[in-house]
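Undergrad: One structure follows; several queries about it will come next.
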Amino acid sequence: MKIGNLDLGHKPLLLAPMEDVTDSPFRTICRRKGANIVYTEFISSEAIIRDSDQAMHKMDFSEKERPFGVQIFGGREEAMDGAARIAESNNPDVVDINFGCPVYKIVKKGAGSACLKDMGLMERMAGSVVDAVENKPVTVKTRLGWDYRTIKIQEAALMLQDLGVKALTVHARTRNQKYKGDAQWQWLKKLKNTPGLEIPVIGNGDVTTPQDAKRMFDETGVDGVMIGRGAIGNPWIFERAHHYIETGELLPEPTVDDRIELCADQLRRSVDHHGERYGVIIMKKHYGQYLKGVRNSRQLRAAIMEEKEMQPILDLLFQFKDQKMYAEAS
Ligand SMILES: Cc1cc2nc3c(=O)[nH]c(=O)nc-3n(C[C@H](O)[C@H](O)[C@H](O)COP(=O)(O)O)c2cc1C
């Protein structure tokens with residue numbers, strides 16, 4: 001699959017943008033574990049043009065993450081134009097536009113999934129970004145539509161292709177579904193079969209196992225599969241899904257020791273990247289998933305959540321691992 005000139009190989013697996021989750025440390029780990037491209041969380045175009053420290057920090061990345069995309073959102077053409085130029089000057093591989101965020105406070109400003117209600121708005125926003133970005137491919141991530149009655153994803157895809165958008169990711173839910181109900185993969189197949197649609201379509205929604213990833217490719221014909229929640233605390237999903245798609249063989253799940261070591265590795269990177277205070281806070285989104293299903297981990301999780309510094313958390317994690325507390329009768 002190619003996004004413009006960027007070749008992501010056959011049946012690529014993409015790490016989904018996720019607010020407060022897909023920071024540079026997590027993206028680096030996911031790339032190492034086989035994600036073919038990774039994205040920043042969505043970054044406000046208004047914050048970017050204001051030169052907000054927080055927004056600029058969200059755009060920081062290391063060379064090890066490449067290929068890497070910056071995702072921006074907004075409801076004003078001038079802000080999207082300016083933010084897209086600044087994002088490009090930061091030298092990512094892709095600039096991605098968020099037309100999918102369902103959150104009310106974003107939508108009411110005409111940003112995120114508001115564009116699903118107003119194709120003219122989508123056209124103007126995407127057009128301003130495509131015009132502003134000179135040398136990098138522009139991509140879009142969106143949902144099926146605003147609600148079931150108004151799904152216009154095929155029309156939207158053709159319009160975006162005409163504007164010069166180089167790939168389209170679709171979370172196969174409507175805005176009104178938010179995260180509820182199953183993702184409607186049948187729409188991905190319809191989209192892939194749209195006459196005249198040539199840009200790659202990346203499917204997204206409810207891929208949490210290697211088998212799901214293969215099934216999404218097989219059932220819908222999408223060019224790439226994007227994984228969000230299924231990668232949190234589980235970056236192995238990328239290498240395990242690649243292996244399963246290539247060979248039909250399911251690699252074993254990571255051991256508890258593997259999980260604790262990778263969790264500790266991410267914590268160290270997180271503190272290195274964000275500083276001790278925020279680095280420790282942001283990791284709180286990840287422990288539950290790294291330790292999911294691990295026997296006797298409830299107390300460990302509770303103890304970790306109380307800590308404000310890295311070293312006591314590392315001590316707790318390694319004590320649990322080295323003393324094999326997960327093997328004790330509960
Ligand atoms: C915590 C969280 C934060 C998210 N933040 C973003 C975001 O910043 N930009 C975006 O396009 N989608 C965002 N999403 C949506 C995901 O990228 C993805 O489309 C959705 O979770 C469905 O994929 P999944 O079933 O593989 O998780 C977020 C989802 C979650 C769970």
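Using N, Cα and C of the backbone, Cβ positions are placed for all residues, glycine too.
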Undergrad: So TrEMBL lists Lys141, His171, Gly228, Arg229 for FMN; which of Gln54, Gln71, Gln311 goes with them?
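TA: Record source TrEMBL; matching candidate: Gln71.
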Undergrad: Quick one: mean pLDDT on the domain 'DUS-like FMN-binding' (14-313)?
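TA: Here the mean pLDDT over the domain 'DUS-like FMN-binding' (14-313) amounts to 97.
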Undergrad: Provide, as an integer number of angstrom, the distance between the C-alpha atoms of Lys141 (FMN binding site) and Cys101 (active site, proton donor).
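TA: Rounded to the nearest whole number, the Cα-Cα distance is 9 Å.
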